Amino acid sequence: MIHLSPSILAADFANLQRDIEAAQKGGADYIHVDVMDGAFVPNISIGLPVVKSIRPHIKGIMDVHLMIENPERYLEDFAKAGADLITVHIEATHHIHRAVQQIHDLGIKAGVAINPGTPVSVLEPIIRDVDMILVMSVNPGFGGQKFIPYALEKLKQVKALAEKAGKSDLLIQVDGGVTMSNVEEIIAAGANVLVAGSSVFDGKDATSNAAAFTELFARL
Ligand code: DX5
Ligand code: ZN
């Protein structure tokens with residue numbers, strides 16, 4: 001099954017409930033929450049109070065993407081705020097294996113993200129222990145950037161690594177520059193959780209934008 005995870009970074013922050021509900025009406029079964037600290041990435045987005053406030057309006061999976069240094073410091077807080085899945089960057093911690101264990105000890109799913117400049121091979125020792133791998137297809141920090149084509153190659157490598165490790169159920173997420181024009185080749189490369197910010201929340205209404213994705217997923 002292919003999942004759509006609209007990134008609320010591109011939503012109207014004064015109307016998050018409205019925009020989340022609109023995306024869900026279009027079939028989105030995840031909601032992607034980008035947390036940025038102004039240190040790991042050159043931008044500051046939202047934090048715990050906002051995450052807590054939107055939780056009751058999310059019907060599916062609250063998918064929290066932590067773009068913060070030493071994410072271990074905040075795992076418990078984000079789990080308490082209602083995250084179903086927390087993704088940490090391998091570049092943001094010295095102890096990725098411990099961070100994954102900590103997320104699991106909190107009773108939720110764990111994802112590990114890699115930046116465009118990080119090779120897939122670093123995932124080999126931990127792929128058996130994670131629920132999701134996130135392949136960044138832009139440099140994290142901002143919405144609305146262009147998809148980096150080499151991410152397709154990396155998705156194929158992650159899929160092959162997952163198969164080798166006997167993890168056919170691995171969630172493989174892609175984040176950045178996903179549009180209706182490139183989504184089919186992204187899925188063909190192995191992604192099964194598609195993050196989409198500007199292509200869901202910009203332009204037409206979020207319900208019809210999300211529905212265009214989810215109707216395409218249903219046909220594949
Ligand atoms: C980038 C974020 C993304 C971003 C995606 O740092 O992790 O989730 O919001 O936005 P689009 O889909 O507009 O590239
Ligand atoms: Zn993200």
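Glycine residues also receive a Cβ, built from the backbone N, Cα and C atoms like all the rest.
Bear in mind that TrEMBL entries carry predicted annotations, made automatically and left uncurated.
These figures come from a predicted structure and were not determined experimentally.
Sequence-distant neighbours of S198 (substrate binding site) (same chain, 6+ residues apart, CB-CB distance under 8 A): A10, G143, G144. Summarising the annotation, TrEMBL assigns substrate binding site to S7, H65, G141, F142, G143, G144, D175, G176, G177, G197, S198.
Sequence-distant neighbours of H65 (divalent metal cation binding site): residues of the same chain at least 6 apart with a C-beta under 8 Å from its C-beta are H32, V33, D34, V35, T87, G111, A113, L134, D175, V195. In the three-state DSSP scheme, H65 (divalent metal cation binding site) falls into the strand class. Sequence annotations record features per position, and here TrEMBL assigns divalent metal cation binding site to H32, D34, H65, D175.
Secondary structure at D34 (divalent metal cation binding site), taken from DSSP and collapsed to helix, strand or coil, is strand. What TrEMBL lists as active site, proton acceptor is D34.
Under the three-state DSSP scheme, D175 (substrate binding site) falls in the strand class. Taken from TrEMBL, the feature active site, proton donor covers D175.
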With every protein chain in view, what's the tally of Cβ atoms within 10 Å of the Cβ of H32 (divalent metal cation binding site), excluding that atom itself?
29
Around ligand 2, within a Cβ distance of under 6 Å, which of the binding-site residues H65, G143, G177, S198 show up?
H65
According to DSSP, does S7 (substrate binding site) fall in a helix, a strand, or coil?
strand
Which number gives the other C-beta atoms within 10 angstroms of the C-beta of G141 (substrate binding site), all protein chains shown included?
17
